[in-house]
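Asks: Just passing along the structure, written as structure tokens.
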């Protein structure tokens, strides 16, 4: 949240006359009570003559492409002559008689923008009539000439004090559990504790903010309002102001506070709602009352209903969205944004102010579903003080009448009561026990009362009722945190805990780390696969309806609407990474990822036990039964070349054999031997897919992806991938160390001709078995096909490494073993030895 230093210090100064603080001290104060500040910055300085001026006359210059105005401005004696200053200006939001801010020649505005006198548009322009953006008070979209009340000062007076340019803007990081602090009211309460100041709640005494409430006491209902129970609306209030000046602009002091809070001034009614929100933390909405027909209904939207929000986007509504309707249709998306049909305009003379307390979960889901985060939704998601509704309505009405005239209707519609806050019991010694610091009972009670709690003392036990704006205080631990936070976390001693026995990585963690290291050493780059996916991916792949991978867990509030299920496979995320890299010009790479996947178990709906007591064994069992199965998977994907062309020779493309080898890398790191078998498993190519087996059980697949899948997904041809279930591999607690021999090895090759349908891995396994105990490794190094071999035949060449642990082998011994391997291959596979 952005907020100006002078605003919070001014609110605190009302009850603490003479108190002042530097920006550095204020920053430390925020941190002291647990708020991080992203930073703070002074309003950029303007040097030289910056004065008040009164526009005496305006000459419209119409001979140019855009409308230009030649103004004569009374700046008193600030220009040294007392004559009216000639200034060219293109802005249209000021008139003769207005008090404006003038930068005279010699002034330098933020951004080193020097002001001088020069001829332009055929006239002499000696100065600039300034906008808020040009003085560093706002961004460009908030730009507009600053107009001030006539009583702001005399022509020629220095404008800096009037504008409050000696100010600093803080960006305070408010955590999700402390929504009350998204307001000047909440932050000043915290700062009062940080600096031991007297605090007066602006909601109880609005004069702290210089605002007099002029709204009459409510007398009767304003209009009929039907709030449906299914919307979970806590409170809903409405008041009306009639007969306002539609062209009235918000005073500069109000616009200034909004601009420094990064809010854009729009019109008087809207500015008032935004100011009340920033001051009290109560989001409001203003309707053009003449555009509301009949009463209002707060209901859930019908699925498929459409609604155009104030940002001129037509939105398809869900049955979970809460809307405010009149007899003609939807007028607002509750807690998020209003609609164009009842928008405040420059013709609005009657205004309905709405202040409500919406269900935080509903607002959060609506905001995410429509990707529409607003200042209002941010506050409702975190919780808004339900007791603030009446004050917010009266303040908004009073401010609007002060700015734009009109009268406040005596009627007020108010639905819902302020909820009773549940009490919390806590031993007064509990903060001391947890922190290891002695806090007196008086200190504990005082700190809780500073927060706004009502505290009753009964011996050594406190009964605490949290204030309505602190819905995050639900248990004793929350109260302990408040005491520790306000007393200072730096007072808690730092003690290194004694490490428990058996520390270190578990065997499963060691295996996961070993697999990651092995794949990285093999040249694969690691990515972190997304835990979410689009279920339509399975349709692109052509999976059967009963495929296990379609057994997904649906996410109720997904970060992205189309990625609304938990991933049952890592490949969608891996292939998305391939697509992104290829579209950005990178075509040769191989990636790996290790991540849990999730399969739905039971009906996928878990109970919601109370947090006030430990759940029973039955509830715990029910919770565990509904948790998804989350096995750990590893996946690799490769495209383009794995070996690059250069002076050393031609390159080599990443093939299905490399994908299979990546599976072997995983297995070796886990101390497991894989078996391979032909497989027909989408999204892989049926003729280039291998099933990965351990003890006869399929644990994964590897190979080249199906050409149609690649085409539909916009991926390069011949892209290959592997995915394996790591948790399905037997866990080897102690991997055997390799046996090293001091004796030399013998290398021999063997080439076998087999049918095209016989897998190379099957041949390799038979050769290894037939070669006996003397063979250390059997590796395929060549696959050959030709007319001489015959149709449907292929030649597989293997390199055999022989070694004996206790002697030097002879060539004859190695040759006997090689021939034995060939004989077994002939017997089992019909293989014929070549050459």
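Cβ coordinates come from backbone N, Cα and C, glycine included.
Straight from Swiss-Prot, here's the annotation block:
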DOMAIN    44-160  domain 'tRNA-binding'
DOMAIN    419-494  domain 'B5'
BINDING   472, 478, 481, 482  Mg(2+) binding site
DOMAIN    741-834  domain 'FDX-ACB'
Asks: Quick check: in three-state DSSP terms, what is residue 472 (Mg(2+) binding site)?
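Replies: Residue 472 (Mg(2+) binding site) sits in coil per DSSP, no helix or strand.
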Asks: If you take the centroid of the Cβ atoms of 472, 478, 481, 482, the listed Mg(2+) site, which other residues of that chain have their Cβ within 8 Å of it?
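Replies: Surrounding the site, in chain order, are 177, 470, 473, 477, 479, 480, 485.
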Asks: Let me spell it out: for each of the binding-site residues (472, 478, 481, 482), count the other Cβ atoms within 10 Å of that residue's Cβ, using every protein chain shown. Which one has the most?
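Replies: When each Cβ's neighbours within 10 Å are tallied, 482 leads.
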Asks: Average pLDDT across the domain 'tRNA-binding' (44-160)?
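Replies: For the domain 'tRNA-binding' (44-160), the model's average pLDDT rounds to 90.
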Asks: Can you tell me whether DSSP puts residue 482 (Mg(2+) binding site) in helix, strand or coil?
Replies: helix
Asks: Could you tell me how many residues in the domain 'B5' (419-494) are helical, how many are strand and how many are coil under DSSP?
Replies: 32 helix, 14 strand, 30 coil
Asks: Going by DSSP, how much of the domain 'FDX-ACB' (741-834) is helix, how much is strand and how much is coil, in residues?
Replies: 34 helix, 32 strand, 28 coil
